[in-house]
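Student: Found this in Swiss-Prot, in case it helps:
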type	residues	note
COMPBIAS	23-37	compositional bias 'Basic and acidic residues'
COMPBIAS	51-60	compositional bias 'Low complexity'
COMPBIAS	66-88	compositional bias 'Low complexity'
ACT_SITE	332	active site, proton acceptor
REGION	354-1247	region '2-oxoglutarate dehydrogenase E1, C-terminal part'
BINDING	558, 622, 624, 665, 666, 667, 698	thiamine diphosphate binding site
BINDING	597, 622, 1040	2-oxoglutarate binding site
BINDING	665, 698, 700	Mg(2+) binding site
BINDING	1058, 1074, 1109, 1112, 1162, 1169, 1170	acetyl-CoA binding site
């Protein structure tokens, strides 16, 4: 005979009721039951007992418990009441009947007759099953173990968990989730608690199930309002991690509420969990039904009775916590009391252990350390006040190390923490959470509970935004940031949330569209970093809100097309046309560039305001970060044109053009030009009132991981050197990204300083679309490949919060995709243009005829006078005063030297209304103490700039011109890039950058290669920047000799630059004026002299400034004046620069009338016509030489040796070279060797 309990246990009544309904009307029963009920036999067999619903007078699961006082909580903005009704809380099992559960049923007492007036009701169906089950339960011999467990850690860690879930994916963890999971884990150590008793073939048997199936008592309300109890099982619990357990738990409860449970859900429960604590019951002994070995009861969480009348403050002061009572009612036939007691002790220890909570926090992806159990610290409240203030300071300093900012969470085993941020390390414990401490104005309060303090600190510094600002030295800036960061963030309105979603839709749909339509084409997609689009949008919107004039964006190639489309507003048709290779040749002179380097301009209209603002994106090369100084210079030029001033006191219009710079993480940390550019931030000649830096931190540089590409904790650490606040933000939280962007703009406007936003994200594909990143970064891409995109996760969050419906989200995305598809089809139909070789841009800009660069003598005199027009009481340095007097003398009498000729050119342009900007290392005085453009008072240090007087006409009216002269930082890369950018922003200005020595210009080689020499051909970007490069062999060694003429000549093509090496002050004067006035926007490279600055032969007369213009080819004055006889010349020496003076001195010394020296003043473009005409004047020449002091492989010869014979084949086919031998360095390091070599060149020229 078998005596195995029914597989449905307490749910037998429900199965029987379902069977009756099925028998009467099969359609009234869910179809999932049909297959089971067709063969079901409702008759009980053996000793099986029907389970029945609980009395409707019993408590229901959803009913909220009595409110708790002094609810403990972990730091949170609002600590939810601990006993708010939790989802899926098991309802209490029927209360135990009196008695000890003996197996022998006592005799039934006689039933007294009903009194008159009593109402009689015969119990049938489910109610009758209750009677039968309760009577049958008396046959199970039970005993009960009871244990009181501290609930404080359970309460506090649950608050931590739910606060995090509230901010991320939503949902809530109940106490029963945690207790149920702890119960399952304890069963692994005590498998006997999972057994049950049965009689098989008349023999007592203990059955150990293969799995743990936890029964949950669920209270249900019928259509008639009556309540009933079912016990559904979570199957195979022992195999589940916590997240899986919660999912299974919620699934069972949801299906129970919806009437979707199946027969399988009721069968096989091995141990049950009941929760009479929901109605305040502290301790109960539930009945144990056949088929189970134990039922665990959970009592209410209460303070000990003797403290329930105490105040919240007194309870906190005493360190009193709530208790929760667990009972284990077990079948004493197979489970012993010690075993049950140890089982409860294990649950007790587990709920207080670090490992249990660490496991749950990891499973829920909570990046913070759980609160730890500890005993109370008896120190005085005064002593702890100081510790609390230390804790606040620690969060302000180190809170960013705990922030949840990595969307990939690659190190999932590590909690984000720091010893300074743990309350235990400050002598504080969880018992202090509800104590009140003095906080001296923190968050606008004088006193706060530690729980509230921690909640505010974690919300401010440790959620999806990490803030670094304590490195800033200015206390006002620190306080400003604290006030905004430590204040509760206002949640975006639903309209704002929908707008953010629309930007994410646009960003993702754009990338998906290109990936689908242009498979395999490089586009350096933004996938994985789409939140940068709503971030940039929010920043630009805030700039518009401040009434600013323009946002200028500089960025690398990643995401550039998306920014062009969704931020700048470049037409999709144009972008897709470029993908099709469908470029109109009429608009595509020059080499052009790849589609992800091009720039554009648009107008941004506020979505929730009435303002608009200009937005532009500058062109850039693939040289990462090279665009940084260019952008800064471009913005400074625009600001100088607007001339709103530079008010540091909050004037909204000061610095009204905003540079927004996007970076990659590896480049920001790795490229030195970033630090060079940051160093410009506060310098008077370079300040732009703050740049918004956005780092698209995809945590990889091509294939290189951060630990191999930087030595700092963050890629942003370099920005600390300028005191910029740094915000690290999780790219999976677009609302946080938008909030940070607006705060960054507000800070920039308030303090006119740079701000850095470090948006951590990931790169969905390889470095480009043809790359497989899993080859070198497999662990990262195992995570990336299964990660849900930010658009999906944000959409789910909005839907989950009820902000939008699923249909609204789908419609928005579908509309955008349809728009792209329509444009794509239109592009397919556009006129196709044939592809041919690229065309030169040289003819696009031609020198105008008849351009006059001479000036009136009176203007020269005005400029000379300006140098002695010192302010009253101004004392020039005694060594400078003679220089000033000499300049006035030169202005009237002539013999003008190089330095004054330059100042005459610049001053005359200022007088003519030009903005002139001159910068470089030591430029105000001049490397060789030659310029003295700014005079310093010997006594007071005050400054006087004579040429600025030329900005005013003699009648007192302004000319419109300005003279801006600055000493630059010790930088070439950033400094040259800045000046190039300035000319892009103000094409009409004359902008000059001077190298300290021409040798050092190679520090800016990237700018020269990528912008100066090729910007016009690649992007149609025009610049008329001037580089002044001191050059000449004078025995100062290889690093103070050469500006590398050969490199510039190699770069020159299709009129890209003018390269000159003038040899007279007046020709230099006319060269600068021609460059400023000719309307051609192309760079000018001038190789300027050093020793020649003080060469008494290298001077010019006044008439050379007032009567002639720039001459690209010069003969010796003796021939130009008609004194020399050209017919006697049999040898022509072609040369440039200061070497001319050495050659002419030797010629005069030796009386060599047979030798003529012709100077080529303009090296490129070569003046073919003028050179030909000049050489034609010497009819009897038999040999031509190119003479240079540079080595044979350097200087002009490598190009001239090829080009001159082609240019003038009749004369220069046999052109020979006289120079130093080919050398790897520019010169010898010995001045004596230099002298020998120099003399050899001169001797050879006249041999």
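Glycine residues also receive a Cβ, built from the backbone N, Cα and C atoms like all the rest.
Small disclaimer: the values here were computed from a predicted structure and weren't measured.
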Student: What is the separation, in Å, between the Cα atoms of residue 698 (thiamine diphosphate binding site) and the residue listed as 'active site, proton acceptor'?
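Tutor: It is 61 Å, counting Cα to Cα.
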Student: Out of 558, 665, 667, 1040, 1109, point to the one nearest the residue listed as 'active site, proton acceptor' in space (Cα versus Cα); all of them are binding-site residues in the record.
Tutor: 665
Student: Quick one, of the binding-site residues 622, 1058, 1112, 1162, which Cβ has the fewest other Cβ within 10 Å?
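Tutor: Lowest Cβ count within 10 Å among the binding-site residues (622, 1058, 1112, 1162) is 622.
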Student: Cβ neighbours within 10 Å, counted over all protein chains: which one of the recorded positions 332, 1109 has the most?
Tutor: 332
Student: Within 10 angstroms of the C-beta of residue 1169 (acetyl-CoA binding site), what count of other C-beta atoms is obtained when all protein chains are considered?
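Tutor: There are 10 such Cβ atoms around residue 1169 (acetyl-CoA binding site).
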Student: Determine, to the nearest whole angstrom, how far the Cα atom of residue 1109 (acetyl-CoA binding site) is from the Cα atom of residue 558 (thiamine diphosphate binding site).
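Tutor: Counting only the Cα atoms, the answer is 48 Å.
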Student: Expressed to the nearest Å, what is the distance separating residue 622 (thiamine diphosphate binding site) and residue 700 (Mg(2+) binding site) at their Cα atoms?
Tutor: 17
Student: Taking the Cβ of residue 700 (Mg(2+) binding site) as reference, which residues of that chain separated by at least 6 in sequence fall under 8 Å from it?
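Tutor: Sequence-distant Cβ neighbours: 666, 706, 763, 773, 777, 780.
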Student: Check the binding-site residues 667, 698 for other C-beta atoms within 10 angstroms of each C-beta and report the one with the most.
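Tutor: Top count of Cβ atoms within 10 Å goes to 698.
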Student: Between the Cα atoms of residue 1170 (acetyl-CoA binding site) and residue 665 (thiamine diphosphate binding site), what distance do you get, rounded to the nearest Å?
Tutor: 53
Student: Can you figure out which of 1040, 1058, 1074, 1112, 1169 (the binding-site residues) comes closest in space to residue 624 (thiamine diphosphate binding site), comparing Cα atoms?
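Tutor: Sorting the binding-site residues by distance from residue 624 (thiamine diphosphate binding site), the top entry is 1058.
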Student: Going by Cα-Cα distance, which of the binding-site residues (558, 665, 667, 1040) sits nearest to residue 1058 (acetyl-CoA binding site)?
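Tutor: Comparing Cα positions, the closest of these binding-site residues turns out to be 1040.
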Student: Look at the binding-site residues 558, 1074 and tell me which residue has the greatest number of other C-beta atoms within 10 angstroms of its C-beta.
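Tutor: Going through 558, 1074 one by one, the largest Cβ count within 10 Å is at 558.
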Student: Which of the binding-site residues 558, 665, 667, 1074, 1162 has its Cα closest in space to the Cα of residue 1040 (2-oxoglutarate binding site)?
Tutor: 1162
Student: Taking only same-chain residues 6+ apart in sequence, whose CB is under 8 Å from that of residue 665 (thiamine diphosphate binding site), what do you get?
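Tutor: For residue 665 (thiamine diphosphate binding site), the qualifying residues are 695, 696, 697, 698, 699, 701, 706, 715, 758.
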